[in-house]
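Chemist: Relevant sequence annotations retrieved from Swiss-Prot are reproduced here:
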- Ser56, Thr57, Arg58, Thr59, Gln83, Arg107, His134, Pro135, Thr136, Gln137, Cys274, Leu275, Arg320: carbamoyl phosphate binding site (BINDING)
- Asn168, Asp232, Ser236, Met237: L-ornithine binding site (BINDING)
Amino acid sequence: MQPFYKRHFLRLMDFTPAEIAHLLALSTKLKADKKNGIETRRLQGKNIALIFEKDSTRTRCSFEVAAYDQGAQVTYLGPSGSQIGHKESIKDTARVLGRMYDGIQYRGYGQQIVETLAQYAGVPVWNGLTNEFHPTQLLADLLTMQEYLPGKALSDMTLVYVGDARNNMGNTMLEAAALTGLDLRLVAPKACWPDAGLVAECQAAAKQTGGSITLTEDIAAGVAGADFIYTDVWVSMGEPKETWKERIALLKPYQVNMAMIAATGNPQVKFLHCLPAFHDDQTTMGQQMAEQYGLHGGMEVTDEVFESAHSIVFDQAENRMHTIKAVMVATLAQD
């Protein structure tokens, strides 16, 4: 029986550096097996519940395709498709679903919700995104980085995240750096830095792996020598519009544009984004931003960068599926 069997996947820091490396290696193998048409279905007869309190494209599709590839069946419970937290407590929901399903994915709000599900379900629970952490995304990011710099260890790579770093992406990048030895730089206004306690915890852990975690407002110094530039949206649909103007004004200097790409001094630097991205005005929200704030060429990233050879965001998006598959196989398959 392998060491991941029946374990939860709630946040990266629940695992050792060796375990994260194992999941990445398994992801690589599963991706190659699928491409070569030799994938072994190790989840035949398994039933998986997908709880989504927040809608999603990539996470839902990744879990569903990964499950089907491996022979499992899924039940999708959308924002209006379950009684969780409304008529039925999280604890009770966990105990009901745990009797019917072999694994449960949760994407929604507080980390405490997914932790409670894990405490009471009796089956593996996987965090598809909470307000605090997004571990399946970072697993895909690390795989993508390995693929684009095959001659380098993660511990020899420099990842720069620019923009709003006080969110689940910033938090999870801190944990990823601590576990892999990355040179991580969070380049953001101080008002957008992650929780100081988590930063200190991850900086201490990074000393054991040779990692480096830097927080700075200095864009030029922060991006110099980067292997990868990463950003995320500045505003989300659920946030009150009154906050948008102030947030955009605060973060506008941190937009990923060709000047920032050039400032890295690395002509091979790659651009990452967890998507969706506001890089043009071809969406309802993109049009709003263009009309109200004059952001016609993109918000957190310009369309020029997004569509350039630097951008590897669609390889990154594909890798969500392969890494999620690895997590499910590792935690549900006995051999």
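Including glycine, each Cβ sits where the backbone N, Cα and C put it.
Keep in mind that what you see is a predicted model, and the values were worked out from it rather than measured.
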Chemist: When DSSP is mapped onto helix/strand/coil, what comes out for Asp232 (L-ornithine binding site)?
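Modeler: It is coil.
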Chemist: Going by C-alpha positions, which of the binding-site residues (Asn168, Asp232, Ser236) is nearest Thr136 (carbamoyl phosphate binding site)?
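Modeler: When the Cα distances are compared, Asn168 comes out closest.
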Chemist: How many Å lie between the Cα of Ser56 (carbamoyl phosphate binding site) and the Cα of Ser236 (L-ornithine binding site)?
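Modeler: So the alpha carbons of Ser56 (carbamoyl phosphate binding site) and Ser236 (L-ornithine binding site) sit roughly 13 Å from each other.
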Chemist: Nearest to His134 (carbamoyl phosphate binding site) by Cα, among Asn168, Asp232, Ser236 (binding-site residues)?
Modeler: Asn168
Chemist: If you compare CA-to-CA distances from Cys274 (carbamoyl phosphate binding site) to each of the binding-site residues Asn168, Asp232, Ser236, which comes out shortest?
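Modeler: Nearest listed residue in space: Asp232.
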Chemist: Using C-alpha atoms only, work out the spacing between Arg58 (carbamoyl phosphate binding site) and Asp232 (L-ornithine binding site) and round it to an integer in Å.
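Modeler: Their Cα atoms are separated by 15 Å.
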Chemist: With Cβ-Cβ distance below 8 Å and at least 6 positions apart along the chain, what are the contacts of Asn168 (L-ornithine binding site)? List them in sequence order.
Modeler: Leu129, Thr130, Asn131, Glu132, Phe133, His134
Chemist: Could you state the whole-number distance in Å separating the C-alpha atoms of Asp232 (L-ornithine binding site) and Arg320 (carbamoyl phosphate binding site)?
Modeler: 16
Chemist: Return the single residue from the binding-site residues list (Ser56, Thr136, Ser236) that has the minimum number of other CB atoms within 10 Å.
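Modeler: Among the binding-site residues Ser56, Thr136, Ser236, the sparsest Cβ neighbourhood within 10 Å belongs to Ser236.
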Chemist: So what sits near Arg320 (carbamoyl phosphate binding site) in its own chain, CB-to-CB under 8 Å and at least six residues off in sequence?
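Modeler: When sequence neighbours closer than 6 are ignored, Arg320 (carbamoyl phosphate binding site) has Arg58, Thr59, Ser62, Thr136, Gln137, Ala140 within Cβ distance under 8 Å.
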Chemist: Where does Thr136 (carbamoyl phosphate binding site) sit in the DSSP three-state scheme?
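Modeler: SS state of Thr136 (carbamoyl phosphate binding site) = helix.
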Chemist: Within 10 Å of the Cβ of Asp232 (L-ornithine binding site), how many other Cβ atoms are there?
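Modeler: A count of 24.
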